[in-house]
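Features as listed in Swiss-Prot:
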- THR8, THR9, ASN10, PRO11, ALA12, LYS13, GLU68, ALA69: substrate binding site (BINDING)
- ASP38, GLU68: Mg(2+) binding site (BINDING)
Amino acid sequence: MYHVVAATTNPAKIKAISLAFIDVFGAENCRIEGVDVDSGVPRQPLGSIETRTGARNRVMMARQVRPEANFWVGVEAGIEESMTFAWMVIENANLRGESRSASLVLPESILHGIREGRELGDEMERLTGVQNIKHKGGAIGVFTDGKLSRTSVYHQALLLALVPFHNPIYQISVQTTTQ
């Protein structure tokens with residue numbers, strides 16, 4: 001059984017991680033555990049590089065907290081220009097898989113607050129009245145009227161980040177021949 005450490009205690013992220021690992025390895029082969037670790041980046045990461053750094057840092061911290069695990073998973077949401085997205089980073093002892101989620105263009109009413117230094121989740125709570133929205137459907141759920149959720153979008157990106165761990169083509173070593 002794989003011990004999978006989710007570098008988060010956010011239920012929406014843990015559910016996405018669980019669904020992806022179950023899809024790839026089967027429910028009977030996975031045990032998911034969430035741990036509270038720091039991302040090492042601002043609470044609202046700006047830009048792809050800062051956001052991916054946050055996801056990688058989460059994995060690094062989770063490895064320190066649970067070194068005996070088989071997999072460590074970091075998910076970090078960020079904003080780049082006018083879009084929200086997230087980076088997924090998955091590691092085991094030998095490999096790293098990474099993927100970026102789909103992006104959603106945010107309305108100016110949200111971006112204004114972000115430019116003033118507030119988090120997306122705080123702005124969504126202010127405008128919708130839904131408490132702790134980032135642990136639920138998130139901005140994606142609100143703007144798609146529930147057709148998508150933070151969990152469903154992250155689930156797809158996590159499936160892509162898992163590809164190097166199970167697809168045999170990724171295991172082929174490149175050999176060069178000299179003549």
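Cβ atoms are placed via backbone N, Cα and C, with glycine included.
Long-range neighbours of LYS13 (substrate binding site) (same chain, six or more residues apart, CB within less than 8 Å of its CB): ALA6, VAL75, ARG150, THR151, TYR154. Taking a C-beta cut-off of under 8 Å and a sequence gap of six or more, ASN10 (substrate binding site) has these contacts in its own chain: GLY34, VAL75, LYS134, HIS135. GLU68 (substrate binding site) sits 19 Å from ASP38 (Mg(2+) binding site), taking the C-alpha atoms as the reference points. In the three-state DSSP scheme, ALA12 (substrate binding site) falls into the helix class.
Over all protein chains present, the Cβ of ASP38 (Mg(2+) binding site) has 10 other Cβ atoms lying within 10 Å.
Comparing THR8 (substrate binding site) with ASP38 (Mg(2+) binding site), their Cα atoms are 9 Å apart once rounded. In this structure the alpha carbons, written CA, of PRO11 (substrate binding site) and ASP38 (Mg(2+) binding site) are 16 Å apart.
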